[in-house]
C-alpha cells in the first residue's frame, strides 16, 4: 500500500508552476478517436489517468507517443470497437470514448467505468443523451453497446436532466461529426474544460458555439482534421496549492494559470480574510491576520468546485469559530471526515452539511485516504498539523497531481512518498 509521510507545521512559501488540466486532456484525447490525421497536444500532464487513456487509444488501433508533456495521436490499424474492461474500470473518463468510437466504427462496446467512490455518478446521462441523438444502446453483462444509426435527424434537441460534465463532453463530441444534423443541447455543464473541448474541436474543423453557457449548438461536419493544441492549466491543482499555502499561513504563488477559472475559490478566500494578488497568469495568496469562519456550498461551475471541498475543509479546521460547507454535487464527498477527525479536527456531518469548529492546531496521525481529492485534503491538513502524519492508501492522489512531491518540496514542505511494494 502506497503512503505519504508528512512532517507538518512548516509555512509554505514560494511559487508553483501549474500543470495542464487532466480533466481537459482526457475528453480531448477521446475526441481524437474521430480524427484520422495526426493530433498533437501540448501541456498534457504525465498522470496515471492520462496513461490509461493513451493505452485505450493504442488498444483500439491508434498510434500514440508521449514525451515532455506532448502527446501525438496518429492513425494506426483499423480501429476496433471493443474497449477492454480492465482499462475502463480504472477511471470514469474512459467512458467518453464510447460515442467517438461508435461514430468511427459504426459500433462500440465499453464497460461501465470505475474511478473514485465519491457518490452516484451514473453513466445514465451519457446513455440517455446518446439515445436522444439517435444511437441504439443496449446494456448487457456490465457493458454498454452502442450502434450508429443509418442516418441522423436534421434537427436534434436534448436537455440534460443534470449538467453532467462527462455527458456534455460526450454529446458535444459526437454531434460535431453528425454532418446531416444541427444539434442543440441544453442544461449543459459550463466548466472551462468544456470550453477547452469546444475550442479543440472547432480548431479541428467543427462548428460548435455556446460552451461556457447552459446551451450548446452544434452544426455537424463531414470530417475533422489534425491539429496542434495547447491544453489549459489545471484549476483544481492550482486551487490545491493555494489552499495549502493558506492552511500553513504561508505565502504561495501559482503560475501558468487562468485566474478567471478560479473566481469562485478567490471569492471564498477573500471572505476568509486571505490576501490575494492576481495578474494575467498567476495568483498569490498570503495570510497575515486571523482568518474568519465562512459558509460555502459546492455547485457546478461557476460555483465553488466540489473537487476543492476537502482541501477547503482542511483549511477551515484551524479557523476560529464554526464554518459550514454544504455538499450539493456528490453525496459521499465527506468520506474523509472521520480520518481528518483523527488529527484532532472537530467536524460533524449531517445531511451532506459539514459543521467545522476550528481548533488551535491539528495533530499528526495515521490516516487512510479514500479518493484523489480526499487525499489532497488530508495532505493539506497534514502540512499544517503538528508532528508527523502518515497517509495510507495514498496512490489515488497521483491520478490527479503531476510531480506532487517535487512541487510541494519546492515551497518548503517536508514530505516523503513511498510507492506500493
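Keep in mind that glycine also has a Cβ here, set from the backbone N, Cα and C atoms.
Swiss-Prot has this to say about the protein:
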type	residues	note
BINDING	22, 23	phosphoenolpyruvate binding site
BINDING	92, 307, 329	UDP-N-acetyl-alpha-D-glucosamine binding site
MOD_RES	116	2-(S-cysteinyl)pyruvic acid O-phosphothioketal
ACT_SITE	116	active site, proton donor
> By the DSSP assignment reduced to helix, strand and coil, which category contains residue 329 (UDP-N-acetyl-alpha-D-glucosamine binding site)?
Replying inline: coil
> In DSSP terms, helix, strand or coil for residue 307 (UDP-N-acetyl-alpha-D-glucosamine binding site)?
Replying inline: helix
>> Quiz question: given the binding-site residues 22, 92, which has the greatest number of C-beta atoms lying within 10 angstroms of its own C-beta?
In response: 22
> Relative to the Cβ of residue 307 (UDP-N-acetyl-alpha-D-glucosamine binding site), which residues of the same chain, six or more apart in sequence, are found under 8 Å away?
Replying inline: 236, 373
> Across all chains shown, how many C-beta atoms besides its own are within 10 angstroms of the C-beta of residue 23 (phosphoenolpyruvate binding site)?
Replying inline: 23
> Considering all pairs of residues in 92, 307, 329, annotated in the record as contacting UDP-N-acetyl-alpha-D-glucosamine, what is the maximal C-alpha distance expressed in whole angstrom?
Replying inline: 16
